[in-house]
Amino acid sequence: MSGNNTHRLDGVGVWGGGVTGGLIAGIAMGLVLHLGGLATDPGTAVGVGWTIHLMLSIAFGLLFAAISSREAVQQQVDDFSDYVIMGLAFGSVLGLFAGGVLFPLAMERADVAALPVPFLPISGTTGELVSALVFGLGHLVYGLVLGAVFATVNGITPRGVRDFAAIR
């Protein structure tokens, strides 16, 4: 990250990048969670779960856009890799907040002592550890994809792509 910022973000790029990045990152994260064994039983309302997940993904994508478009942040962010790193940091913080604050609060409100993980082929503490690792990986993937898509929507591409493609 350097102080000589050579790009400008406009409102359409910022909010469009937040919505698009949040949606695509939410799909990527959902696939990681699903393929990692955190999919629910087929009898549950999978469509409702995906809808809520993608709506939250877009909301957090807009939060990322609001943070990354701040003047103080823009002075530090210079190229594509900076946005990817910022996305990874955002995904990490989001995962820690969700797993360390939101889930415990939701479990307390639902009067549940432990997360229900009957859908994992591994039981007990090992299953909970695998669940937490897949959850963490999903949030890292969310952040990585969010940062990359946000940068791309705003015309900021990796050096290799910039050399071979005519992008603004």
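Easy rule for this one: first residue shown is 1, then count along the chain.
Each residue, glycine too, has its Cβ placed from N, Cα and C.
Since the structure is predicted, the reported quantities are computational estimates derived from the model, not experimental observations.
Lifted from TrEMBL, the feature list:
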type	residues	note
TRANSMEM	12-35	transmembrane segment
TRANSMEM	47-68	transmembrane segment
TRANSMEM	80-106	transmembrane segment
TRANSMEM	129-153	transmembrane segment
Checking distant contacts: for the transmembrane segment (80-106), what same-chain residues at least six beyond its ends satisfy Cβ-Cβ under 8 A? 1, 25, 60, 64, 67-68, 73, 115, 132, 135-136, 138-148, 150-152, 156-159
Would you kindly list the residues that approach the transmembrane segment (47-68) from elsewhere in its chain, counting only those six or more residues past its ends and only Cβ-Cβ distances under 8 Å? 9, 14-15, 17-23, 25-27, 29-30, 40, 74, 77, 83, 86-87, 90, 94, 142, 146-147, 150
